[in-house]
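Have a look at the structure that comes next, please.
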């Protein structure tokens, strides 16, 4: 195993082998403990219909159901949120995940197109033209604004979908989908998340769907693997301590170095990690 590979695995808390049943039990209890300790009553999560939000959503629903049963407090709830920019190409996938697998207590829909377009227009008027890439990040941050607004009105916490295969590459928007109060998938790689979904009886289409951030209008539904330049199977092998090609290892390690800032709080005068 490469020395840096071992450091990354330890930093992200990845185990080479997991028991899906034990992981589900542990992560549901983690969510329950968080809610009881913080005195919050709700969980809020944007649902895209892909593997990560489907898994985080189902774990969240199981957690609030467990708390209601154990405490008799029916205030505990999970709110699944659809956050389309206009008409989303994968809308049917998202609704399938919500209705057929996650089965949340409450479903909300907030279209972020007007807010996003207004922000872009205002920036253009201020003399700062916005690229399609930057507009994609604005979309991600608008979605998080909505989720925190819903959470604030419902004594709720925002659930993040970050996991080890995403964290190692920093493949998320800083203060967008990277912003959350609790990340129940942390430490899992992509294939381990799939194993949890299979244990939970999820339909195959939820974990076989090609992962995509789908933020750029110039490149709609662009696969994550195309943007990253490395396959998730290679990322998972790397995180599980297996040997991967030198090219794949170097690509993963390059992403990890370049995105360190996303895995830290804002840099303070006494911080040294960035130097």
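Note: Cβ is positioned from N, Cα and C throughout, glycine not excepted.
Okay, so Swiss-Prot annotates it like this:
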BINDING   46, 47, 48, 49, 50, 51, 52, 53, 161, 190, 212  ATP binding site
BINDING   52, 166  Mg(2+) binding site
BINDING   141, 174, 181, 261, 262  deamido-NAD(+) binding site
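If you look at the structure here, what lies around each of the features I listed?
Its own atom aside, the Cβ of residue 212 (ATP binding site) has 20 Cβ atoms within 10 angstroms in the protein chains shown.
Annotation note: residue 166 (Mg(2+) binding site) sits in a helical segment as assigned by DSSP. Neighbour list (residue 166 (Mg(2+) binding site), Cβ cut-off 8 Å, at least 6 residues apart, same chain): 52, 172.
Under a cutoff of 8 A between CB atoms, and with a sequence separation of 6+ in the same chain, the neighbours of residue 141 (deamido-NAD(+) binding site) are 173, 175, 176, 179.
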Output, ordered by sequence, the same-chain residues six or more apart from residue 46 (ATP binding site) with a CB under 8 Å from its CB, or 'none'.
53, 81, 82, 83, 143, 146, 147, 177
Taking the residues the record says bind deamido-NAD(+) (141, 174, 181, 261, 262), how far apart in Å are the two Cα atoms that sit farthest from each other?
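Overall maximum Cα spacing for these binding residues reaches 18 Å.
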Determine, to the nearest whole angstrom, how far the Cα atom of residue 261 (deamido-NAD(+) binding site) is from the Cα atom of residue 161 (ATP binding site).
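Answer for this pair: 18 Å between alpha carbons.
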Out of 174, 181, 262, point to the one nearest residue 161 (ATP binding site) in space (Cα versus Cα); all of them are binding-site residues in the record.
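For residue 161 (ATP binding site), the spatially nearest of the binding-site residues is 181.
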